[in-house]
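Taken from TrEMBL as is:
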- 68-217: domain 'Glycosyltransferase RgtA/B/C/D-like' (DOMAIN)
- 80-101: transmembrane segment (TRANSMEM)
- 108-127: transmembrane segment (TRANSMEM)
- 133-150: transmembrane segment (TRANSMEM)
- 157-190: transmembrane segment (TRANSMEM)
- 202-221: transmembrane segment (TRANSMEM)
- 442-461: transmembrane segment (TRANSMEM)
- 467-487: transmembrane segment (TRANSMEM)
Amino acid sequence: MRHRFFIALVIVTVFSKGLFYVSFPLTVSDDDQAFSQWQFQQIEQGDWHIGNLRYHTGYTLLIAPLHAFSHLFGDFSDNMLLLIQTGLSALVPFLILHLLAQWRPLREAYFVAFVVALDPFGIQWAHFLLPNWLTTLLFILAIWIVFIAVKRQRHILFWTLIAGIVLGLATLTRLNIATAVAAFGLGLFFMTSLNWWQRFRMFAAIGMGSLGVLVLYAFLVQLPSTGSLRLSCYSGINMLISLARRPEFIEINAANGPATHELLSELAKPVRFEPNFTVDYFPNWSLTDAWATQEELEEFLTTLSEPNTSWNVVFPGKLIYYMGICEVDDLMQAAHNEAVLSNIGAWLRFIPGDVLQMLAQWPQPEPTFYLPPVENITFDKTTGILGFYRGTSDHYTGQYIWEPGNDFLSHVFNLLNLYKILTPIAVIWALFISRSAFYKNIALVLLIFVLTTSIVSLSYSRLYAPLYALWPILCGGMMVSIARVFARRMKLTSKA
């Protein structure tokens, strides 16, 4: 039976990944992916100093050798890179299967692995030059390392340190999972099979391993690239934009405080030149200071203006050009704090809604289906075979796409993802009903992750996708638990 289940999991994984593979080519559709392409080019030219103050870097550093390998296939390089990313991301359900098979009943392990393998939200992320699939793979790998080491009772502290290093690499791919790493460390205290001292040492090992990676990166890559040890100067910008896009709750106006007054004054200044942030400006994201020439800077600094009464949500590109991204980030962070303190009640009201929306993966206000749907693609049906046609859109430039698969997945994606509405209940089940340290840890990580994402950013699918496997793990585990309870009750009823 075990072999039949394993073969079935392989078939299901290959089928689900393969259906997406032929239906959606590798796509580059936003500035994050364009920047990844530019980083790959820099690395392949021998320049590893790709640290910057806005975009993720760990993904390109780790995948660069595979990206270079894909170039050996010429016109099929994108197909090969997509195949590599798809294949690596396919390891996730098998890691979960092996882990759960050590701690839980075998049928439960297989069921949860099947749910993860069939998760449409997770499968899609391998189709982008974005780190989400890699972040999830590394995070699940770290969890697997820790739980297998504890189960085997061998060199637990050493393997926990290795897991911490893996989590550090995961954090480099997406800095917004740093709180999830901390939550995972705290979740180790759920392991009641270990004494408190063992659990504390494991917590410390996770911290040492992950922080060690970040410190090494900061000194070896970030400092030579930017002249600064700051890993990002974009958090304050994200935080204020996230507030400004919720005007029904909080208004960004000059009355909030001096930082907001200064920000609105700077935004109101007229300028002769506003940059268009094309690829030509990509190297500038490594600069902590202003991008403007000395003449432009002097003119900007001497210009006086009355502040706008409030702020319409706009990307602060003008200020970044004339002030420097780190100064703008600090100013917007201060303005964010003033807005929260001035409207603390309203701020506290929208956080729970955001958390529930992300836990349920509700496809509003931004769709959870991030790939281009069939209605946005123009197919050239004058040539083609077996449903494979060249498609053009904002994402594609004539790649062959299997139109029936694209059409099918475009229409059933949200339906297949609908079970995620059970996730809030699954979190409660894991934390307060389940006795499994694994499920408790996963629930704690997910809850802390979506909570901090709501606080510092927007509830957009690509921002909470870095840990996409946690949703189907919890839902699958809860479904098995419910089925087990019903089976027991039916058995008792039949005996009565």
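Cβ atoms are placed via backbone N, Cα and C, with glycine included.
What TrEMBL says about a protein is an automatic prediction, not a curated fact.
Outside the transmembrane segment (133-150) by six or more residues, the chain places 59, 62-63, 85, 88-89, 91-92, 95-96, 98-99, 102-103, 122, 125-126, 156, 158-160, 162-164, 166-167, 169-170, 173-174, 177, 180, 184, 188, 191, 193-194, 202, 438, 441-442, 465-469 with a CB less than 8 A from a CB of the stretch. Panel annotation: around the transmembrane segment (157-190), residues 56-59, 61-62, 131-132, 134-135, 138-139, 141-143, 145-146, 148-149, 196, 199, 201-203, 205-214, 217, 231-232, 437, 440-442, 444-449, 452-453, 456-457, 463, 466-467 of the same chain, lying at least six beyond its termini, place a Cβ under 8 Å from a Cβ of the stretch.
Listed by sequence, the residues of this chain that lie at least six past the ends of the transmembrane segment (467-487) yet keep a Cβ under 8 A from its Cβ atoms are 92, 96, 107-108, 111-112, 114-116, 118-119, 121-122, 125, 132, 135-136, 139-140, 177, 180, 359, 361, 419-420, 422-423, 425-427, 429-430, 433-434, 436, 439, 442-443, 445-446, 449. Within the chain, the transmembrane segment (202-221) has long-range Cβ neighbours (under 8 A, six or more residues past its boundaries) at 48-51, 57-58, 61, 146, 156-157, 160-169, 171-172, 181-182, 184-186, 188-189, 191, 194, 229, 231. With helix defined as DSSP H, G or I and strand as E or B, the domain 'Glycosyltransferase RgtA/B/C/D-like' (68-217) counts 132 helix, 1 strand, 17 coil.
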